[in-house]
């Protein structure tokens, strides 16, 4: 699955620009415009904001993700679930592990909620640049929303075909985008070179001291420059750490040079409505339309990266059993990381269009943006402290703690957004969060309610029935959670109904706490005519069960699996039962041959 080792130095950097940096790379479209909608664009304030932008990107993206988090991968994979799996090995079961699991669920949910806001604000802000085209200045906002919605819907409709064929163009397009940002910024800085001094932290501190509470609240808009920074770590599995970090150093200076250029433009044109588009139009009116097209392409690529990221998170959630099984399609014949989850895709599409209609303008959308990002960054920081403090490099935990304090300061500043649209971040994140809680608790409660039988007890009755010699020719396959614990449906089939084959195989799939790795083992002679087939697979591995069975010489005549008919007065368990009914069962998820499947219903009281 991993192809990044063979990528060339520059090839890896170009790929990273296309796959990882779309979100943070499109932040200059709206960040300073939103900030100076709240703040008077005086020279002193411009210097203060530019300094805050520099240090926000340095601390929250470079230090937190590029330097610290990206060294905490598992077989090249990153993300909240990876951090949880690392900690699970370090912490004994108890309150602390429960806290870590809760943080993981929250972090995953916030990132998935972010998958709605990112495409909405990116595409809408790019389309709004059309009003600066001569003759389109009077274009009504409703037309801009319609155009943005059409682009978004087109992007989601295209998902089922996969991005394999066009993904090769993402990197080169983003290279042109970052080069354009850097060039435009450099030209503007040349007219006002004193803005280069804004890198000094003195200006950031002075701004915060001079503006007090208002300055603190401005941090909730400054954070927009770092949104998408978490993708460095979350997308590490696609390319590896080195290409992403190398690309980030180039992207960082391209972005900051553009922010400096916008700062210089603001000083000379404080009345401009959108600083990036205004700056480019002022510099090269003839190139404005090509630049606008490039901007829209960049936001589409940014949105695509976020959609693919959500698919990847959901797949991790499915295989680690924190989310229900969903239909997963593989859109690439050679890259198993290229997946499509239809139900998630259409839910995202509807949510993105609704968000566009609710907020109308990108500057309004900015009011909802930031809360989920800073929450996710804070959770990453807390988990890094817990991990690093338990390693031989415990001194790194001190740096992680300082960074986490900065994360929490930004998160606190973003809380003021709650009544101004920020509550949408909570609403969007609550959908996956509630689903995760209901599903995980429901699975545990269901397992207890099923009251499985110990293998030793089962064998006594099994041997008596098998010895009668009325066995069905061929091989019967029975799916179980663990081969030494027998579920009720197997007891019903074999013991009560005497459905017993010449060869009976219990098959169990165990997902390990590593992202990759696949080991299968056939244990023969557990009892007369009874074998166990165990598959140990990493939580990112795509399983081809039929192939594995053939490799071990198992030619099944029929495949049995359990179907639970849940009866409960509890509203939470009713929701769990509904989710279970509406989502694919285990055999459907693994695309086993329908002609050989036999579901056995077990009535369960929860």
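Here the Cβ of each residue, glycine as well, is placed from N, Cα and C on the backbone.
Swiss-Prot annotations:
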- 18-38: transmembrane segment (TRANSMEM)
- 46-66: transmembrane segment (TRANSMEM)
- 97-117: transmembrane segment (TRANSMEM)
- 138-158: transmembrane segment (TRANSMEM)
- 166-186: transmembrane segment (TRANSMEM)
- 212-232: transmembrane segment (TRANSMEM)
- 247-267: transmembrane segment (TRANSMEM)
- 287-307: transmembrane segment (TRANSMEM)
- 339-359: transmembrane segment (TRANSMEM)
- 368-388: transmembrane segment (TRANSMEM)
- 395-415: transmembrane segment (TRANSMEM)
- 418-438: transmembrane segment (TRANSMEM)
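By number of Cβ pairs under 8 Å, the transmembrane segment (212-232) is matched best by 368-388 from the list 97-117, 166-186, 368-388. Segment contact holds for the transmembrane segment (339-359) and the transmembrane segment (97-117), given three or more CB pairs below 8 angstroms at sequence separation of 6 or more. When Cβ distances are compared across the two stretches, the transmembrane segment (97-117) makes no contact with the transmembrane segment (395-415), since fewer than 3 pairs at least 6 residues apart fall below 8 angstroms.
With a cut-off of 8 Å on Cβ pairs spaced 6 or more residues apart, the transmembrane segment (46-66) and the transmembrane segment (368-388) reach 3 or more such pairs and are scored as touching. Within the chain, the transmembrane segment (247-267) has long-range Cβ neighbours (under 8 A, six or more residues past its boundaries) at 12-14, 16-17, 20-21, 24-25, 27-28, 31-32, 36, 41, 43, 46-47, 49-50, 53-54, 57, 61-62, 66, 178-179, 181-182, 184-189, 191-192, 195-196, 198, 225, 232, 275-276, 278-279, 282. For the transmembrane segment (166-186), the residues of the chain that approach it from at least six positions outside its boundaries are 14-19, 21-22, 25, 28, 250-251, 253-255, 257-262, 276, 279-280, 283, 291, 294-295, 297-298, 301, 304, judged by C-beta separation under 8 angstroms. Remote same-chain residues near the transmembrane segment (368-388) are listed as 60, 64-65, 68-69, 72, 80, 83-84, 86-87, 90-91, 100, 103-104, 106-107, 110-111, 113-114, 117, 121, 220-221, 223-224, 226-227, 229-230, 233, 355, 359, 394, 396-397, 400-401, 403-404, 407-408, 410-411, 413-415, 417-418, 421-426, 428-429 (criterion: CB distance under 8 Å, separation of at least six residues from the stretch ends). Through the fold, the transmembrane segment (395-415) approaches residues 56, 59-60, 63-64, 68, 216-220, 223, 370-371, 374-375, 377-378, 380-382, 384-385, 388-389, 422 of its own chain, all at least 6 residues removed from its boundaries and within a Cβ separation under 8 Å.
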